């Protein structure tokens with residue numbers, strides 16, 4: 001203790017500047033600077049007041065620190081006005097859920113209007129996921145090489161352009177190609193999570209990423225409400241055009257988006273990163289940490305082999321299966337919901353299919369008002385799914401949250417074996433969708449946290465690509481296999497989620513309470529493990 005007191009007395013004068021720089025001086029008489037001379041010992045360390053009254057956080061006011069990392073700055077500045085604006089703008093990109101939800105509404109409409117066989121209806125859904133699958137890794141690599149903002153802007157504008165063009169498709173082949181190009185653009189929208197996560201302090205990261213998922217839920221609900229209003233009067237073409245509205249708003253506001261400071265540091269652009277951090281500090285009304293920003297330049301960013309180093313090999317493989325199962329089950333449930341509601345209950349599906357086959361091939365059924373109402377109720381389950389995940393993810397951790405979500409979905413799928421009525425069917429579908437969407441959200445929290453900045457966008461992109469493989473396959477299970485056996489279909493979904501629950505438990509890294517790693521050349525967690533919460 002006496003040795004610590006002696007070291008404190010020997011500390012030199014520290015000059016604090018509002019610009020975020022610090023320097024040491026052995027001279028005592030420099031005018032115009034705010035000096036703090038540590039001459040004695042105090043039982044409680046107090047913040048240093050700056051000219052404008054802003055206080056430097058205690059953990060960042062250590063006079064011996066003359067350098068800081070982006071993580072230090074993000075933790076020091078905290079969550080504020082800047083992050084609220086960023087939440088809304090990136091959330092608009094995330095509302096592309098409308099482009100996905102429209103698949104379950106468009107399929108029966110075109111089946112009736114263009115007299116399409118079931119395999120062509122399934123192909124119309126699958127081609128969107130083919131586009132997403134083929135582009136997800138490409139967008140991730142582009143975001144790691146040229147910046148998160150660049151990749152996100154191009155993908156959103158691409159989706160907007162081809163989404164509007166889809167409304168003018170004259171024949172089946174045209175809409176098939178155009179929806180595939182829409183899917184190609186949607187594959188890059190998950191990079192909004194990468195950009196968003198890199199501006200969030202550690203304690204707020206999980207909650208904020210989950211709350212931005214509310215925009216996905218809003219998108220699905222808004223799409224159903226829009227369909228109720230538009231389909232009976234204007235038709236499916238106007239529904240496709242109006243579904244691009246959130247992306248149109250994003251395109252108008254994206255000029256405000258800054259590039260990720262973490263990406264700028266890794267690409268060696270120190271001045272730009274520092275300017276971004278000062279901008280955030282100004283908008284939040286918080287001071288910058290003292291010292292000089294540390295640069296950790298890394299040229300080989302976005303390399304696929306970095307996902308398979310000894311530290312990340314098992315994590316990557318298990319995450320790929322988890323993302324596959326999430327999308328396979330989530331979109332399968334969305335498609336099954338329409339089929340179940342049109343049949344009335346699970347046990348009536350097989351007999352209904354046989355009756356339809358016996359009828360004239362021109363006979364078909366449009367979605368009724370009751371179908372839209374029940375579809376809206378199951379879509380509203382996205383909101384309690386967010387709330388449940390929000391409540392448990394920081395209590396039991398990311399891995400257990402994903403495992404629990406898969407288990408509940410699997411259990412609800414097995415309960416559908418019973419010949420339940422329409423009301424019980426709606427409740428089971430509501431619970432299943434709430435938990436599978438919660439598991440999807442937990443994966444979106446975990447994946448950006450587990451990969452370093454150098455490969456974060458690529459890691460998220462490849463996982464998203466594997467999810468699209470699951471989404472590509474699921475129409476042939478939920479729409480084609482269902483014609484043969486409803487029970488076999490339910491067994492496939494339930495079994496897949498049971499395996500995914502095991503995969504979640506076997507993930508080698510739990511990211512709860514951890515900082516984001518910057519360089520892939522260092523071991524996981526080496527740079528930041530609770531760095532922002534240490535005691536002074």
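Note: Cβ is positioned from N, Cα and C throughout, glycine not excepted.
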TrEMBL lists transmembrane segment for one of the ranges 55-76, 187-208, 209-230; which is that range?
209-230
Any idea which of 119-142, 263-286 is down as transmembrane segment in TrEMBL?
119-142
Write down the single range among 370-389, 490-509 that appears in TrEMBL as transmembrane segment.
490-509
